[in-house]
Structures are given as C-alpha cells and as structure tokens.
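Colleague: Swiss-Prot lists these features:
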type	residues	note
BINDING	Gly13, Gly14, Gly15, His16, Ala17, Gly18, Val125, Ser180, Gln370	FAD binding site
BINDING	273-287	NAD(+) binding site
Amino acid sequence: MFYPDPFDVIIIGGGHAGTEAAMAAARMGQQTLLLTHNIDTLGQMSCNPAIGGIGKGHLVKEVDALGGLMAKAIDQAGIQFRILNASKGPAVRATRAQADRVLYRQAVRTALENQPNLMIFQQAVEDLIVENDRVVGAVTQMGLKFRAKAVVLTVGTFLDGKIHIGLDNYSGGRAGDPPSIPLSRRLRELPLRVGRLKTGTPPRIDARTIDFSVLAQQHGDNPMPVFSFMGNASQHPQQVPCYITHTNEKTHDVIRSNLDRSPMYAGVIEGVGPRYCPSIEDKVMRFADRNQHQIFLEPEGLTSNEIYPNGISTSLPFDVQMQIVRSMQGMENAKIVRPGYAIEYDFFDPRDLKPTLESKFIQGLFFAGQINGTTGYEEAAAQGLLAGLNAARLSADKEGWAPARSQAYLGVLVDDLCTLGTKEPYRMFTSRAEYRLMLREDNADLRLTEIGRELGLVDDERWARFNEKLENIERERQRLKSTWVTPSAEAAAEVNAHLTAPLSREASGEDLLRRPEMTYEKLTSLTPFAPALTDEQAAEQVEIQVKYEGYIARQQDEIEKQLRNENTLLPATLDYRQVSGLSNEVIAKLNDHKPASIGQASRISGVTPAAISILLVWLKKQGMLRRSA
C-alpha cells in the first residue's frame with residue numbers, strides 16, 4: 001500500500017549523514033521523511049566516541065555555520081575538549097572532543113523530534129521506486145510505499161554488510177544490527193559503478209579491569225573549547241581524562257604469529273581499508289621498525305564502564321584480541337566486553353554524482369556518507385547536509401548548490417570525490433585544501449553563514465548572532481586603526497615593555513598587533529588600547545585578520561586567478577571526440593568522468609594543462625564559453 005501523504009524528500013538512514021540531511025531539508029520548509037531501521041540508534045557513534053580532529057573539525061564548523069546539528073550535539077555531549085595543533089598557525093588548528101555516546105545520541109534525537117516539517121518512521125527500506133530514470137519513492141520491509149520528489153541514500157556500512165572476526169564472518173550492518181541486502185541488490189540493478197570497502201573497530205574494554213594508576217593521563221584544555229558558533233562552555237557536561245598506554249614487542253609478536261588467522265591477510269576480506277586508520281595488524285606489518293604504538297584509552301561515557309582503545313582496531317580472532325589487550329601496560333587483567341571486528345560493505349563510485357551529490361543517471365536520487373567511499377562521522381555529516389539541502393531545492397524546482405574548493409572544506413571533499421573518485425575510504429585532512437589560510441575553523445561562519453541564510457538553512461537567532469559578531473569585528477578594527485601611540489607619549493613606556501624593539505615612530509593598534517610578539521589580549525591590556533571585546537569569537541577574528549592580512553590578500557588573488565577558468569562550464573552532453581587536438585587518453589578520461597567545469601577537468605589524472613588550453617580554445621570557437629556565477 002501507499003502511505004496516504006506524499007513527501008518532498010525522503011532520507012534513508014539515520015546516521016550522521018542521514019540526520020544532517022533530514023534536518024537540512026526540513027529547515028528549508030520541505031516535508032521530509034526520515035526512514036530508519038531503528039529509531040533508538042539515530043545519531044549512533046558506531047566506532048570511536050569522538051568528533052573533530054585535523055580537517056574533520058573544520059567540516060564540523062562548516063556544518064554548524066550552515067545551521068547543522070553536529071557541533072551543537074557535541075557541545076552537549078562532549079566530555080573532553082582539546083585544540084589540536086594549538087602551537088601552529090590558525091589554518092591548521094582543529095577542535096576535537098571525546099563524546100558520551102548516550103548524551104550524543106540523545107542530543108541528536110531531541111533535535112530531530114523537535115524539528116518542524118520532519119517525520120521519523122521506523123522500517124528498513126528494501127526498494128526504490130524508479131520511473132523513467134527518476135526516483136519517485138521508497139518501499140519498506142513490510143511493503144509500505146512512500147512517494148517523494150527526491151530521495152537521499154545515507155545507509156553507511158549496511159549495504160550487503162559482512163562482519164569479520166578472525167576467519168568467521170556473518171552478515172551485519174554493524175555489530176548488533178542487520179545488513180541491508182535487498183536494497184543493495186536493488187541498487188546494483190541501477191546503472192551505477194559499485195565497489196567494496198572495509199573498515200574496522202577495536203574491542204571495547206571494561207574500565208573496572210584496567211589499572212589506570214600506572215598510565216599517563218591526558219586532560220582536556222582549559223578554558224574549554226566550544227564547537228558551535230552558537231555554543232558556550234557552560235553547555236558541556238562533566239569533563240574526564242583519557243589515558244595512554246602502548247603496544248610493545250610482546251604485542252607485536254602475538255600479532256605476527258597469528259597473521260594466518262587474520263581475514264585481511266588470509267585474503268578473506270576483498271574490500272580496501274582506510275589508509276589513515278589502519279588496523280593494529282596493518283600497523284605492525286607496515287611499520288616493522290616501530291617497537292611500540294601509542295594507544296589512547298578513551299571513555300565511552302559518564303555512565304558507562306566501556307573504554308575505547310583508540311589504535312588497536314582489529315579483525316583477529318577473539319582469543320588473539322585478548323592476548324593483544326593483556327600484553328599492554330595497565331591492561332594485564334583487562335576484560336573485553338565487545339570484540340573488535342572488520343566490516344565489508346558496498347559503496348558507489350562518487351564520480352557518478354554531480355557536485356550536488358545527485359546521481360548523474362537517476363534524477364532526484366542523492367548519495368551521502370560512507371556509501372560515497374568516505375570514512376568518518378564528520379565527512380558523512382557534511383555530505384548529508386549538502387545532499388539534504390540539494391534534495392530540498394530539487395523538490396522545490398530550484399537550482400542545486402555546491403561550494404567551491406576555495407569556499408569550504410566541504411567543497412574540497414565533494415570535488416575530490418566527484419572528480420577523482422576514491423579506491424579507499426576517504427578521510428579529510430587540511431593538506432587536501434589548496435587554500436588552507438582562507439579555510440580556517442575560526443572563519444567558517446564568515447565564509448558560509450550568509451550563504452546558509454540565502455538557502456534557508458540559517459534561523460533568525462543564528463543570523464542575528466552572526467551579524468552582531470560582524471559588527472563587533474568591524475567596530476573593533478576601526479577602533480584599533482584610529483587609536484595611535486607616539487614614542488614621546490606618556491603611554492609609550494607601558495607599550496615598549498611588551499615589544500622586542502621600542503617604538504621608533506607613531507603606531508596604531510593594528511600596527512602593534514601585526515608584531516609577532518603582540519597578541520590581542522596583551523594589546524588590549526595596555527591603557528591606550530583598552531578595553532578588550534567581550535565577544536571572544538570577534539576578538540579572535542580581529543587578531544587573525546590583522547596578523548595575516550597580507551597573506552590572506554595574496555591567497556585571495558590566487559583564488560581569483562584560478563576561478564576564471566575554474567568556473568568555465570562544460571556541457572554535460574559534450575562528446576570530447578569532437579574536440580580536435582586532444583589525445584585519445586584525454587578524450588577517454590573526459591568522456592568517462594564527464595566533468596562539470598574546466599576546474600574539475602584539470603584535476604583529472606592525465607588531463608594536461610595543454611589539453612585544458614585546447615578545450616578552452618575549442619569552447620570559445622564554438623561560442624560555448626560560459627562561466628557559472
């Protein structure tokens with residue numbers, strides 16, 4: 001039977017991609033349905049209990065700047081907050097938080113259940129309704145049919161998921177959850193390229209069986225960082241430390257002597273695993289010269305005794321897992337409460353997607369999260385938000401939107417996936433972005449909140465706070481520009497006490513702030529330049545904008561030069577065999593990838609600068625040289 005009411009957008013899957021997609025579509029006023037196999041696992045952290053990190057924290061801030069959920073949820077659930085790379089420049093500083101799994105799930109579910117225009121329904125999806133190469137709905141396990149103008153697939157590792165522990169394996173979407181086999185078969189019938197990937201998770205340990213007294217502690221930062229631009233540290237629950245132990249030669253001997261029982265090394269697992277989050281058996285074999293690896297013992301929550309040993313992801317048999325765990329300091333009597341495992345699953349080649357994350361072949365069908373070959377909650381959330389907002393726009397007959405590489409890490413992520421594809425689980429790093437100085441965590445709102453407002457993602461409260469911050473930045477910069485101190489002034493001695501070289505001429509507040517030894521906090525403690533802003537976010541922006549002004553201007557020039565060709569559109573129907581002068585290799589690659597723009601084409605391996613020049617000349621001759629806005 002058909003459900004009586006049609007929807008604008010259907011989201012299939014309630015993980016980190018699905019929840020952001022559902023919230024985005026509903027915030028934009030579209031009638032949205034979130035279908036999940038289990039309402040109790042909405043926002044579930046399937047692997048590590050943490051949000052953020054290098055590159056990943058940047059994505060979380062961008063999701064937040066566009067009105068998303070993840071940053072707000074972790075502010076309510078984070079039990080340890082740290083700034084990584086704090087001693088380095090602002091471009092690579094990143095926020096990371098340990099999470100209480102239960103509090104995080106509660107925060108996500110509460111947000112979903114209180115979101116207007118959003119209905120949640122518990123049923124596994126087994127089929128899609130596709131008519132004339134357009135998706136028009138979904139069919140659940142019990143045969144109930146839902147109609148919609150757009151469908152977003154955010155099914156994580158559930159598509160034909162297979163769990164491996166040692167040489168034993170069984171079907172599963174993750175531990176304790178069934179796989180999605182009928183939907184996997186249905187998707188394989190569509191004209192989409194499909195592959196297999198794998199990921200893994202470590203065994204969970206009973207904290208009561210660990211001797212923490214012999215282990216080093218790792219505390220969070222004080223003052224505590226905050227993830228959301230709308231958040232504050234008072235929202236954070238109780239803060240707790242993590243602990244550090246190490247593998248040793250005994251651990252490595254156990255692993256080496258049992259490799260024949262590893263499904264990965266025995267050839268049972270076909271899927272490719274994540275390069276930057278390898279299993280412990282992979283680390284021991286790939287880095288044979290290392291006699292130890294650092295392992296972080298991370299609490300799973302304030303009311304749980306489970307510990308997540310970050311760094312020993314494994315699919316070795318349970319008896320070997322016990323030996324590995326008990327070989328480490330402080331863990332000699334440790335008990336495992338959940339075994340580690342590897343999971344293999346289907347993913348679909350993201351080169352078959354438009355930058356909006358809509359399929360090139362099935363109109364109205366969007367893909368987000370691990371189904372696109374990524375790994376990580378943050379990468380999934382960012383894709384979910386983008387797919388959700390574009391599904392909402394499509395259902396309202398509006399043009400899609402995707403950020404450029406120069407606008408956001410989300411733009412880098414989507415461009416990498418849609419242009420280059422991936423053969424292994426894709427993880428975001430700051431090193432993937434060409435314009436890191438522009439794409440900082442601290443300015444994600446300055447880059448994206450205005451766009452989010454235009455798209456209908458940003459509510460009145462966030463918009464008012466954003467504009468207040470902009471005014472504070474502008475007013476403070478004007479104040480510092482127009483406040484001067486001379487070498488002969490009474491205040492000069494006070495100022496000179498904080499400078500490596502005394503004043504030799506008149507200097508403004510901004511002149512002084514540009515000096516390496518001067519900080520905004522120090523400057524505004526001096527009589528001529530007091531008082532400091534009470535708005536800490538605005539104060540941080542003032543300091544960064546002043547200190548890095550020259551570098552930022554230079555990078556902006558680079559972006560503008562690049563954009564002239566970047567935004568030159570390529571017709572979707574263009575057969576590159578028509579373009580004389582291109583090599584057979586370039587023709588084959590361009591016809592295979594079907595890039596949307598010259599920028600995308602230039603990033604395809606094997607497409608040379610000479611080929612790009614030929615293409616630009618040909619487009620001009622044909623009168624087809626068009627640039628996107």
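Glycine too: its Cβ is placed from the backbone N, Cα and C atoms.
Explain the structural surroundings of these features, please.
Modeller: The number of other Cβ atoms within 10 Å of the Cβ belonging to Ala17 (FAD binding site), over all protein chains shown, comes to 34.
In this structure, Phe287 (NAD(+) binding site) belongs to neither helix nor strand by DSSP; it is coil. Neighbour density for Phe287 (NAD(+) binding site): within 10 A of its CB lie 12 other CB atoms from the protein chains shown.
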Colleague: Would you mind listing, in sequence order, the residues at least six apart from Ser279 (NAD(+) binding site) in the same chain with a Cβ closer than 8 Å to its Cβ?
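Modeller: Same-chain residues close to Ser279 (NAD(+) binding site) (Cβ under 8 Å, separated by 6 or more) are Gly200, Met264, Gly273, Ser313, Thr314, Ser315, Ala342.
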Colleague: According to DSSP, which of helix, strand or coil covers Val125 (FAD binding site)?
Modeller: strand
Colleague: Of the binding-site residues Arg275, Glu281, Lys283, Met285, Phe287, which sits closest to Gly13 (FAD binding site) by Cα distance?
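Modeller: Looking at Cα distances from Gly13 (FAD binding site), the smallest one goes to Arg275.
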Colleague: Which site among Gly13, Gly15, Gly273 has the most other CB atoms no more than 10 Å from its CB, taking these as binding-site residues?
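Modeller: The most densely surrounded of these binding-site residues is Gly13.
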Colleague: Going by C-alpha distance, which of the binding-site residues Cys277, Lys283, Met285, Phe287 is nearest to Gln370 (FAD binding site)?
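Modeller: Among Cys277, Lys283, Met285, Phe287, Cys277.
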Colleague: Determine the minimum-neighbour residue: among Arg275, Lys283, listed as binding-site residues, which Cβ has the fewest other Cβ atoms within 10 angstroms?
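Modeller: Among the binding-site residues Arg275, Lys283, the lowest count of other Cβ atoms within 10 Å belongs to Arg275.
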Colleague: Does Glu281 (NAD(+) binding site) have same-chain partners at least 6 apart in sequence with Cβ under 8 Å from its own Cβ, and which are they?
Modeller: Ile255, Leu259, Ser262, Met264, Tyr265, Thr314, Ser315, Leu316
